[in-house]
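A.B. asks: Annotation source TrEMBL lists region 'Disordered' at 72-93. According to TrEMBL, the transmembrane segment annotation covers 117-136, 156-177, 189-209, 221-243, 264-285, 297-314, 321-342, 362-384, 396-419, 425-446, 453-473, 507-531.
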Amino acid sequence: MAATAMIGLATLRCHHHRVSARPRATSAVRSCTLPPRCRRCGSVTLHSSCAASPPRGRPAAALSRIAAGNTTGFMGPSKSNNGTAALPRSSSSDFRRRLIVPNSTGNASATSGSSGLLPTILGVAHLLVSLGIVVATDKFLKQAFVAASIKFPSALFGMFCVFSVLVVFDAFVPALAKGFIDFFEPATLFIQRWLPLFYVPSLVVLPLAVRDVPAASGLKIFAITFGGWFASLAVAGYTALAVRKLVKTQLIPSEPMSKPSPFSTFETWAWGAIFVASFGVAYFNPTALGTTARTCLPFLLAANVLGYMVGSGLPAGVKKVLHPIISCALSADLAAVAYGYLSGSGLDAVLGDYFTKAPSNPGAGDVLMGFLGSVIISFAFSMFKARKLVKRHAAEIFTSIALASTFSLYSTAIIGRLIGLEPSLTISILPRCITVALALSIVSFFEGVNSSLTAAVVVLTGLIGANFVQAAMDKLGLKDPIARGIGTASSAHGLGTAALSAKEPEALPFCAIAYGLTGIFGSLICSVPAVRQSLIFIAG
């Protein structure tokens, strides 16, 4: 339902602009464009013999103007007796032509409306089918892995399968690989456009998750997060720089990356209307949709979407502090506070309805978190598009990511043990440098973890990187674009990538590659039982 609402509003917005951008039809009568005919013999060409004796009632001066190519007096506007412009006159042949050939100007609006509506409908259908296949694949793999008691992330397996299929197609039938990519392009752009929304639910319910965390432990977690970010940046950056000096591969320009469309005013007002209407329904009838979770779902989801839209439109300087993910989570929390106060149910009950973790009674958070597996599968398409760049700089990329990911996991466990942080909290923040979608998959390998704390630490790491990564790399002497891109993504994942790419577009391809591969490598090594046991042993 959430995906359908987002798709519908986006496509309605596109259709609205496409139609309104066309010029409106005019009702003004147009002069005929047929060549003048001889009034005597009917020929298209005027004969000198006919022109010598002009027709009755027609002055010779008018015919002389016609012969000279000036048809104003013949077909154009003339003056009436009162001096106003009279309607142009046309001959009987002109009238017959107007009956046979429709007026294209008069039908412009109808034609543009029909031609604009059909592509919109087809675009919506294409998006629904492609996105539906990705979501259905994720659900099927998840159920199959649960039934087989496999602890490896099912979405990660699906990503490897899609990537392998694309590689095989590209090797034997390149046109088929391109068609495969083009077919799923709407789904990947949709996921890319709404990506931060899928990370937010764990942050929205953070007030419930950190309630039992002591203040001293909170300070220790912040110290590990900030110090660990800087250490991971240095390890990844210097490793990439050292390998670069060994292999000496020349840097070449990368292919441009497609970007999703920005949000429009129409979308903002539409989601605002959804929020107001659904909030009112939930207030007057808390079980209108069967349960309180389902009834609260529309307005809490709309609050998330509105917060993300508003946050995305803030100035760049403000977004470094108030990132769209933060504004997205705060808007949902404010809506929960308002509804809990007005309805008398309280904040805890509303947040419980927001993220129920029950498939039979989902809340807004459950709907958004349900896309995380699809996000991981969609990484296969971005990796395939960057395969040439990965192949050319494989030594720098894979060496840096492997060392940085391993260092990040084990250094977090070691420092947590040294400063006396509770083992369960230490395990919860192990994947601090990995994107939320894969970080939550990693902590699912362990028992007794706080997934909301995991999401909060991951976002905090990204915000630190977004604000300080460029200055830190300058101080460290990391000037190579590959080292800067890999170092940023390996230490601050997506948020750091977004901040760096705005000012250093040459580093963006390496950020995008390292952003996904860091999480993939971390998931792979944590899926090994011996690695998990060693991390648990170190953490205490």
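Yeah, the Cβs are placed from backbone N, Cα and C, and that goes for glycine too.
TrEMBL annotations: computationally assigned, not manually curated.
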A.B. asks: Could you tell me whether the transmembrane segment (221-243) and the transmembrane segment (264-285) have 3+ CB pairs under 8 A, leaving out pairs under 6 positions apart?
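C.D. replies: Stretch pair does not touch.
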A.B. asks: Given the cut-off of 8 Å on Cβ pairs that are 6 or more apart in sequence, determine whether the transmembrane segment (396-419) and the transmembrane segment (117-136) share at least 3 such pairs.
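C.D. replies: Counting Cβ pairs under 8 Å (6 or more apart in sequence), the transmembrane segment (396-419) does not reach the transmembrane segment (117-136), since there are fewer than 3.
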A.B. asks: With pairs restricted to those 6 or more apart in sequence, evaluate whether the transmembrane segment (189-209) and the transmembrane segment (507-531) have 3+ C-beta pairs under 8 Å.
C.D. replies: no
A.B. asks: Between the stretches 156-177, 321-342, 425-446, which wins on the count of C-beta pairs under 8 angstroms to the transmembrane segment (362-384)?
C.D. replies: 156-177
A.B. asks: If contact means at least 3 Cβ pairs within less than 8 Å, sequence distance 6 or more, would you call the transmembrane segment (321-342) and the transmembrane segment (453-473) in contact?
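C.D. replies: With 3 or more qualifying Cβ pairs, these stretches touch.
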A.B. asks: Should anything in the same chain at least six residues away from the transmembrane segment (221-243) have a Cβ under 8 Å from its Cβ atoms, list it; otherwise answer none.
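C.D. replies: Long-range Cβ neighbours of the transmembrane segment (221-243): 213, 395-397, 399-401, 403-404, 407-408, 411-412, 415-416, 419, 421, 425, 429, 432-433, 453, 457, 460-461, 464-465, 469, 472-473, 476, 478, 480, 482-484, 486-488, 490-492, 514.
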